[in-house]
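J.: Got a structure for you, written out below as structure tokens; questions coming shortly.
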Amino acid sequence: MADKQISLPAKLINGGIAGLIGVTCVFPIDLAKTRLQNQQNGQRMYASMSDCLIKTIRSEGYFGMYRGAAVNLTLVTPEKAIKLAANDFFRHQLSKDGQKLTLPKEMLAGCGAGTCQVIVTTPMEMLKIQLQDAGRIAAQRKILAAQAQLSAQGGAQPSVEAPAPPRPTATQLTRDLLRNHGIAGLYKGLGATLLRDVPFSIVYFPLFANLNQLGRPSSEEKSPFYVSFLAGCVAGSAAAVAVNPCDVVKTRLQSLERGVNEDTYSGFLDCARKIWRHEGPSAFLKGAYCRALVIAPLFGIAQVVYFLGIAESLLGLLQEPQA
């Protein structure tokens, strides 16, 4: 990507198209990942990704799997555009006379891209996590209320079902966070997001560039689209699993609502320490399989759109009548 100059509007459009397609395809898996990561050992409601999705459909309907998708679809365009364009920019700045970047420089470019994207990623994930996890907490409270009613009635079937609490909306959450905490409320978990996204980009972009280079027919030609797709999938899933422990901590820190008897956390280290002590080291890999399934096609699609130059074609069509 460093050897090809692409206009800023094209970068933004390519990133936006890729993000919208990717999020639409994999959002239910991302919802399962959030709920699996947030459930603590004493309050397990879901045994696996498929179990989570089946229970979500039964209790919340098909569209329950897309809770929080509107936030992602709105903000994923600037997020993906910033990430891809920033990496392209840093690679170009670090390259000299079109020479191939060394691995340290590739990692530095990825670091810059990961740092830039958290401007959008942190508030996006902050809102998305509340909306995604609301169904899990509501279901848990409903089960506990039914159990309490059964106990109070001596085992008799409860006659009246407790009404479900109203679901929060992204607008309500944003308004409440800004009113109570200011702009800092939307950026809760910023440090954890940086610790996840910067290492992710350091791993992803150099790995993708080298895998993509392997499938290039010659130094003068672009890689075929399927090579870019596979390179994006492999690099994305590898980077996603590598930083999953930080993603678990970030998800826990950004969750405002807690289930019954669930731990609260004062910061990154406190959260990591409590997870290790109460749930064991395997808890840091919760949702890793889901995250790999989300990230692989997301970045595979992104790289295909980026390398096919869909935005350049669209911009070219718009400019043709003026020629």
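The backbone N, Cα and C atoms fix where each Cβ goes, and this holds for glycine too.
Note that this is a predicted model, so its numbers are computed, not measured.
Pasting the relevant annotations from Swiss-Prot:
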type     : residues : note
REPEAT   : 6-93     : repeat 'Solcar 1'
TRANSMEM : 12-32    : transmembrane segment
TRANSMEM : 62-82    : transmembrane segment
REPEAT   : 101-214  : repeat 'Solcar 2'
TRANSMEM : 107-127  : transmembrane segment
TRANSMEM : 189-209  : transmembrane segment
TRANSMEM : 223-243  : transmembrane segment
REPEAT   : 223-312  : repeat 'Solcar 3'
TRANSMEM : 292-312  : transmembrane segment
J.: State the residues, same chain only, that lie 6 or more residues beyond the ends of the transmembrane segment (107-127) and have a CB under 8 A from a CB inside it; answer 'none' if no residue qualifies.
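T.: For the transmembrane segment (107-127), the sequence-distant neighbours (Cβ-Cβ under 8 Å, at least 6 residues beyond its ends) are 68, 71-72, 75-76, 78-79, 82-84, 86-87, 89-91, 94, 101, 170, 173-174, 177, 186-190, 193-194, 197-206, 250, 254.
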J.: Do you know the mean pLDDT across the repeat 'Solcar 1' (6-93)?
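T.: That region's mean pLDDT is 86.
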J.: DSSP says what for the repeat 'Solcar 2' (101-214): how many helix, strand, coil residues?
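T.: When I sort the residues of the repeat 'Solcar 2' (101-214) into the three classes, I find 91 helix, 0 strand, 23 coil.
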